[in-house]
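Record features (TrEMBL):
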- B:12-38: transmembrane segment (TRANSMEM)
- B:63-89: transmembrane segment (TRANSMEM)
- B:101-122: transmembrane segment (TRANSMEM)
- B:142-159: transmembrane segment (TRANSMEM)
Amino acid sequence: MPIIVNLDVMMAKRKMSLNELSEKVGLTLSNLSILKTGKAKAVRFSTLEAICEALECQPGDILEFVE
Amino acid sequence: MKTNIIMKVMNIIFWIVFIGLCIETGALLVSLFVTLFINSNGAEDTYMGLDLLDLYNFNVEHYIGVASFSITLSALKAYLAYLVIKLFMKFDLNYPFNEKTASVITQMSHYALSIGVVAIIAENYANRIMRQGLTLQIDWGAEQFLFFAGIIYIIALVFKKGVEIQSENELTI
């Protein structure tokens with residue numbers, strides 16, 4: 001898939017575990033895992049907003065387009 | 001609640017239909033065997049009053065042909081009823097669009113089409129026999145099964161699309 005999710009990179013930078021992020025964002029661990037492993041087919045803006053708020057970053061820090 | 005009751009009643013009905021069709025297939029097979037090897041008068045009451053004795057006396061090969069078509073169609077209908085039962089067993093209203101359900105519905109459309117095609121062939125065969133002067137009143141139900149096959153095929157396509165949309169929805173975070 002051309003869109004890569006760099007969630008684990010941002011989580012490492014902010015020293016946040018998946019459990020912590022899951023609690024802050026309000027997503028289940030399995031959903032976060034789907035996102036982290038690149039299996040997600042779509043992301044809602046509300047989810048992206050919550051993740052960016054929790055990780056104090058921009059959407060471009062998490063999503064990357066690779067040809 | 002009401003839907004669950006209707007589903008349960010329909011499940012019971014289809015079990016009855018399936019068992020009935022299995023009995024019909026078995027009875028037709030036994031009748032064919034008895035007529036050919038034990039007593040030719042078995043053709044007088046093949047199953048539920050179906051009288052093929054005139055056909056047997058006219059031409060044994062034609063009798064075997066018509067009986068074989070009847071057995072084949074009955075067996076195919078029994079398998080179709082079994083697929084309906086399988087569908088009821090796998091169907092979950094909370095999670096309706098899944099691969100297994102879509103696959104069973106697709107299978108049902110294929111078998112319904114097969115029944116329709118075999119029934120058309122049987123009807124043409126019976127018409128050829130009737131042109132030789134014999135009366136053969138058997139309703140194979142070709143048009144009904146072809147119509148049913150068409151409808152079920154459209155439903156199968158809708159289900160496949162539903163499965164795609166559901167899986168995309170599940171992978172939307």
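Just so it is clear, glycine is given a Cβ too, placed from its N, Cα and C backbone atoms.
Curation does not apply to TrEMBL; its annotations are automatic.
Here the transmembrane segment (B:101-122) has Cβ contacts under 8 Å with residues 66, 69-70, 72-73, 76-77, 79-80, 83-84, 86-87, 90-91, 138, 140-143, 145-146, 148-149, 152-153, 155-156, 159-160, 162-163 of the same chain, all six or more residues outside its ends. Sequence-distant neighbours of the transmembrane segment (B:63-89) (same chain, 6+ residues past either end, Cβ-Cβ under 8 Å): 7, 10-11, 14-15, 17-18, 21-22, 24-25, 28-29, 31-32, 35-36, 43, 46-47, 50, 52, 55-56, 101, 104-105, 107-108, 111-112, 114-115, 118-119, 121-122, 125-126, 129, 136, 138, 140.
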